[in-house]
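Structure record follows, encoded as structure tokens.
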Amino acid sequence: MLQMVKRKQQPASTCETPLECFLQIPRSSKREWKPLEDRSCTDIPWLLLFVLFCIGMGFICGFSVATGAAARLVSGYDSYGNICGQRNAKLEAIPNSGLDHTHRKYVFFLDPCNLDLINRKIKSIALCVAACPRQELKTLSDVQKFAEINGSALCSYNIKPSEYTLTSKSSGFCPKLPVPASAPIPFFHRCAPVNISCYAKFAEALITFVSDNSVLHRLISGVMTSKEIILGLCLLSLVLSMILMVIIRYISRVLVWILTVLVILGSLGGTSVLWWLYAKQRRSPKEAVIPEQLQIAEDNLRALLIYAISATVFTVILFLIMLVMRKRVALTIALFHVAGKVFIHLPLLVFQPFWTFFALVLFWAYWIMTLLFLGTTGSAVQNEQGFVEYKISGPLQYMWWYHVVGLIWISEFILACQQMTVAGAVVTYYFTRDKRNLPFTPILASVNRLIRYHLGTVAKGSFIITLVKIPRMVLMYIHSQLKGKENACARCMLKSCICCLWCLEKCLSYLNQNAYTATAINSTNFCTSAKDAFVILVENALRVAAINTVGDFMLFLGKVLIVCSTGLAGIMLLNYQQDYTVWVLPLIIVCLFAFLVAHCFLSIYEMVVDVLFLCFAIDTKYNDGSPGREFYMDKVLMEFVENSRKAMKEAGKGGAADARELKPMLRKR
């Protein structure tokens, strides 16, 4: 990794370590190491492979649009293969096909609430109609009157509106009564029921842990009743995360202790409030409660007891962990202080989660749209009921798998681009001695280097994660399909394999992140960077363990603080809401959203700390502070190194042992 200038052989006594003698690095050399100078494109074949893969993704989208899937998706089609809102060609051996639906622009399902969860579709006859019924129709007479007034026939094409109440065919070819009020979905021309409780069976099938349907209905009603509070609390978690990021910038030196105290107070306060609310509701007289609200009160009391016990156990475990890790805070404070300076000089780092999330949302929207296109593409085939379905035959039917792999690989690619961008910006900051000479926008400069040199490296790293993630997802799918059918041994083996693949994925993700940092420093390919990063992480295992335990734990405390604050506000608001029902599900939704938001923001800070440590490890070994070999590191880290060496000497171990912990990534030339 280090670019050396060939010199005359020095005496053997001038090199102090075998590595220096092997590489012929004289200790007396005054040549300054200058990182970030060698720039070359890395992993070009992988970039070409990724581009070809993306072209394949584009081909899938273009194929589905070219075969008419776009028109069938947007305009919709009936059970006989006719696209609504246009003239249609006659399909061979298909009755009621080839109709003129120019004035019938909406798809109407005779039984919209009859869902097929296995095949992910509505098990109902679909017709093209001129208008959706805006009001509930309770009888066939109402359906007939609606057809006569609006010119929109809701029964099969073979039945005239005047025959709705006279023929026996109306039982199978007219809508199920009562017909719920519906409205067209914007841009997709489907008549959807206005009341979402129509899909209660669908929710009941998804939520398998609920055995009592009445409980499910109360949970759903609790979410609908508290939707304004849920939205406000989600916004609160976003604001708290932004405030915490601002605080990290300016008071990073005392941030660790502030977070520790706040988490202690927050966990104690939250636990106390939960026990107080439980005791208060338990003492409240039940005679004054009306019978309809009695079950709701019992559900809330049971939920409060579970929350209180869980919060108590969590608080005890939290205290024990903080007690054990209290002596390993010094290095974390030093790195947090430097990371705070990084955010001061690179304020755009705070907005990295927004850009990444925006890119992911755009790609996911494209992926879902293409998936919907694929669901309506193919040739018309008559099913067992005599209705038309569109299916792909031949090799093209496997485009689904290609599309799913694309979802994982490109999503990981976008996340890896964020890691490389952050690493490049932080590396530029660290190895710039005079911070006044920093680029005007180091983030944009890092993006420029990523696009020009390192897209292949990012593609290769994200593909490795994809190779591990796909088998794990396949095993999870198999486990879900065989749930309750496999024996204990098979279930244990499946879970073990899933767990091992998950651990491997996390280890590779951490190694990839450090490999991107090595690439940003030395412009080496992915394999070389990963090897170098692995070597330095192993040789500095103690410091890595300290940072990954103490540093990550401190950031985890920040996430806990945001979740506790949002959850506490949710408890108070939901408890004193007059028209609430069961607020177990709303509170869970709010806490999950708060944790996700906090994780997105604080993960950037975690990346910065990890990148700083790798730069610090290289800097400490290759430079010794002498003229021509000055440190790049911040003064706070210099003080930490000196204090650590003094402490080691006083303990009888000497400074050399500490120095041996920090070894750079040296590449043989």
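Positions of Cβ are set from backbone N, Cα and C atoms, glycine also.
TrEMBL annotations: computationally assigned, not manually curated.
Sequence-remote contacts of a segment are chain residues at least 6 beyond its ends whose Cβ falls under 8 Å from one of its Cβ atoms, and for the transmembrane segment (44-66) they are 366, 369-370, 373-374, 376-377, 396, 399, 402-403, 406, 409-410, 413, 455-457, 459-460, 463, 526. Summarising the annotation, TrEMBL assigns transmembrane segment to 44-66 (among others).
Note on the transmembrane segment (229-248): residues 223, 255, 258, 336, 339-340, 343, 350, 558, 561-563, 565-566, 569-570, 573-574, 577, 586, 589-590, 593-594, 597-598, 600-602, 605 of its chain, located 6 or more positions outside it, place their CB under 8 angstroms from a CB of the stretch. Sequence annotations record features per position, and here TrEMBL assigns transmembrane segment to 229-248 (among others).
The transmembrane segment annotation in TrEMBL covers 254-278 (among others). Tertiary neighbourhood of the transmembrane segment (254-278): same-chain residues 247-248, 301, 304-305, 307-308, 311-312, 314-315, 318-319, 322, 329, 332-333, 336, 340, 554, 557-558, 560-561, 564-565, 567-568, 571-572, 575, selected by CB-CB distance under 8 Å and a gap of 6+ residues from either end.
Among the features that TrEMBL reports, transmembrane segment is placed at 304-323 (among others).
Among the features that TrEMBL reports, transmembrane segment is placed at 329-350 (among others).
Taken from TrEMBL, the feature transmembrane segment covers 357-380 (among others). Packing against the transmembrane segment (357-380) from elsewhere in the chain are residues 57, 60-61, 63-65, 67-70, 72-73, 77, 81, 91, 94, 388-393, 399-400, 403, 406-407, 410-411, 414-415, 600: each is 6 or more residues past its ends and has a CB under 8 Å from a CB in it.
Per TrEMBL, transmembrane segment is recorded for 400-431 (among others). Sequence-remote contacts of a segment are chain residues at least 6 beyond its ends whose Cβ falls under 8 Å from one of its Cβ atoms, and for the transmembrane segment (400-431) they are 35-36, 50, 53-54, 56-57, 60, 342, 345-346, 349, 352, 355-356, 359-360, 363-364, 367, 370-371, 374, 438-439, 442-443, 445-447, 449-450, 454, 457-459, 461-463, 465-466, 469-470, 473, 512-513, 516-517, 519-521, 604, 607-608, 611-612, 615-616, 619, 632-633.
Positions annotated as transmembrane segment by TrEMBL: 553-574 (among others).
Taken from TrEMBL, the feature transmembrane segment covers 580-602 (among others).
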